[in-house]
Amino acid sequence: MTSPASTVEKGVRRRLPPPLNRMGLFEPYIKDGKKITEIVRLNPVEVFLAGFIPPMFGSISAIAIALIFHNDEISNYNWQCGRARLPSLSRIINLPVERTFWQLFLLFHVPIRVVELITGFSRYKRMRNVNYKRVWLYELSRYLYFVVGLLELIFLSGLSIIGERENIQVHVIFFYVFGICGIVHMISNIFCHAHSLYYLNPYGRLSYYLKILFTSLYVLSTPILIASFILYWRKCITWAYDVFALCEYSGVFLNICFHGCAFFDIRYKVTFSVRKIEDVVQNEPNKQAIEALPEKH
């Protein structure tokens, strides 16, 4: 049996972090011939909240303001297939006040989501379970997680900026492509999570099962949304449009809740730090002095 002492002797030694200064940042240190100076460090929970609260608040605010204060403008409108009681999300974000809340808070979180994608893409590579042998499938899922995640943000931004009043056809295309990208991103995220060290306790399995729950509900709501929309327009079943609107609302919240699982993925696991990296330039006198030192035998 190998003792801890013999393990240290073999060179398997845990690297101690550099000391902290009065501001709680690492003192400048040298690693691999580079001088590293930490400039600022961000609390991962605060970064998460900055990316989670704005879209949740913006979505709830836009829908609540529309239903409470502008109900006459967007609900009880009479279409060719009868009167719909609940407005679609597209009609809600067409109103000036609701559009402001929606765009302001949802577009605000986009850069933070990009940081989340870059972090996840990098850490999924380093934290892959070495016992999982289908590396090609894992890498495919990892790239789908990143690329499709970026496309999801692009189309979310697109449908938020280009509404029904600008171009209804483009808006509808953006909306459905956004939904498809969301499903692909969720599935690839779950797959990478299951075959990486993210799956470990204390929060890994909780996050994993929550992701499965939100994804399942999100996927199940998709055929209901499409079927209810067709029933309204093809069969003129009035209540079907209310079901369609509810599926839109729930889809937005399920998408936000899925990304909220990032709280368990980064808590106690990720540190966001901005560092300055410089080459260590050794001056000539010191170099000569070091070269002049006698060798130790």
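Cβ from N, Cα, C; glycine included.
Summarising the annotation, TrEMBL assigns transmembrane segment to 47-69 (among others).
As annotated by TrEMBL, domain 'CWH43-like N-terminal' applies to 47-267.
If you look up TrEMBL, you'll see 101-122 (among others) marked as transmembrane segment.
Annotation source TrEMBL lists transmembrane segment at 143-162 (among others). Proximity of distant same-chain residues to the transmembrane segment (143-162), defined by a Cβ-Cβ separation under 8 Å and at least 6 residues beyond the stretch ends, is recorded for 93, 102-103, 106-107, 110, 113-114, 117-118, 120-121, 124, 170-171, 174-175, 177-178, 181-182, 184-185, 188-189, 192.
Feature annotation from TrEMBL assigns transmembrane segment to 168-187 (among others).
TrEMBL lists 208-233 (among others) with the feature transmembrane segment.
Marked as transmembrane segment by TrEMBL: 239-266 (among others).
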Overall pLDDT of the domain 'CWH43-like N-terminal' (47-267), taken as the mean: 89
